[in-house]
């Protein structure tokens, strides 16, 4: 049977459920599919397949559903470690998150950790589902839990006072036992997600950026740089900058080709060769980027949120300490960097996630939210994301 065509007539948004173990993330995911998609039972979602992202194995379940306003792709992870890995590697991009918190327990350690991770990896918006409200008889207690969640969100720089909090029971929705806290709450939740989580800007509408993968010299024509356009559009005749590794320089794109055909422009997702004016074959190298002038700056020092692989995942067998010097693989190239651990952290064990400061030996074109792999001699030992730029 032919797959049904993916209708592109609605904006597409990627979201996911986050929160403490056993607070009902997977049950809620199942309940949403019941009313807005093709129903997936708890067991189907819980048996999440393994996938690889940046050399790291992660279990993630993907479901899709739609509201009258939008089409959603939704991720749910079976284990806490999968959440950490998922959010840091960006295996499943999140434009927003549904924080699930049990009304019976209130915020727990992983509730806090997932909110911190969401802040560090730049999840733009969170909506809260206060689950299991049927287990709380006292209305004042319910209010107290809501207040606690709002304060926790505010403490991590999310707008805790404005974030929608919907109270309900995923189980009631799945069992059709109480319409008010079941179906009605799920519908109210999705209305809040529609309204509160902003539609992401499409890559094509962002400023042009192409990581350089290769450089060729074509006799009689000049220098061609190749790569996959990450975002935006480049038109023949436009001025671009070459950023990273060496001092930033300007050039003009005098030709764009794809599959040996000449084009008048290249856009996000295209694998292109760009002919650049006045650049010698050795004036540009893999690991630099072509970009819209002034849109990206080179940096050496940044704060990163990183996950360090366990021995079982093919990572290090031993901890590392301050002054650890691995390679950081950004886009197309490895750059050596020096790691400084935060005060009070003696060492980092395989399997940890940690905030560290990194100083690269050469500057790389970077912005917040840029992801990287941590490698030792070509072997991946961790993954990370630029949380903030220091200099």
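Cβ coordinates are placed from backbone N, Cα and C, and glycine is handled just like the others.
Since the structure is predicted, the reported quantities are computational estimates derived from the model, not experimental observations.
Feature annotation from Swiss-Prot assigns domain 'tr-type G' to 10-201.
The region 'G1' annotation in Swiss-Prot covers 19-26. Residue counts for the region 'G1' (19-26) under DSSP, helix first, then strand, then coil, are 2 helix, 0 strand, 6 coil.
The GTP binding site annotation in Swiss-Prot covers 19-26, 76-80, 131-134. In sequence order, 16, 48, 58, 59, 60, 61, 83, 86 are the residues near residue 77 (GTP binding site), counting only same-chain partners six or more apart with C-beta under 8 A.
Taken from Swiss-Prot, the feature Mg(2+) binding site applies to 26, supported by sequence analysis.
Annotated region 'G2' per Swiss-Prot: 55-59, in sequence order, evidence recorded as similarity to another entry. Summarised as a single figure, the pLDDT of the region 'G2' (55-59) averages 84.
Taken from Swiss-Prot, the feature region 'G3' applies to 76-79, supported by similarity to another entry.
According to Swiss-Prot, the region 'G4' annotation covers 131-134, on the basis of similarity to another entry. Taking DSSP states H, G and I as helix and E and B as strand, the region 'G4' (131-134) has 2 helix, 1 strand, 1 coil.
Residues near residue 22 (GTP binding site) in space but far in sequence (CB under 8 A, at least 6 apart, same chain), listed by position: 102. Of the listed binding-site residues, namely 25, 80, the sparsest CB environment within 10 A is found at 80. Sequence-distant contacts of the region 'G3' (76-79) (same chain, at least 6 residues past either end, Cβ-Cβ under 8 Å): 16-17, 21, 25-26, 29, 45-46, 48, 58-61, 63, 86. The Cβ of residue 133 (GTP binding site) lies under 8 Å from the Cβ of 103, 142, 167, 168, 169, 181, each of which sits 6+ residues away along the same chain. Remark: residue 19 (GTP binding site) has 25, 99, 100, 101, 110, 111, 114 as non-local neighbours, by Cβ distance under 8 Å and separation of at least 6 in sequence. Here the CA atom of residue 26 (Mg(2+) binding site) lies 13 Å from the CA atom of residue 80 (GTP binding site).
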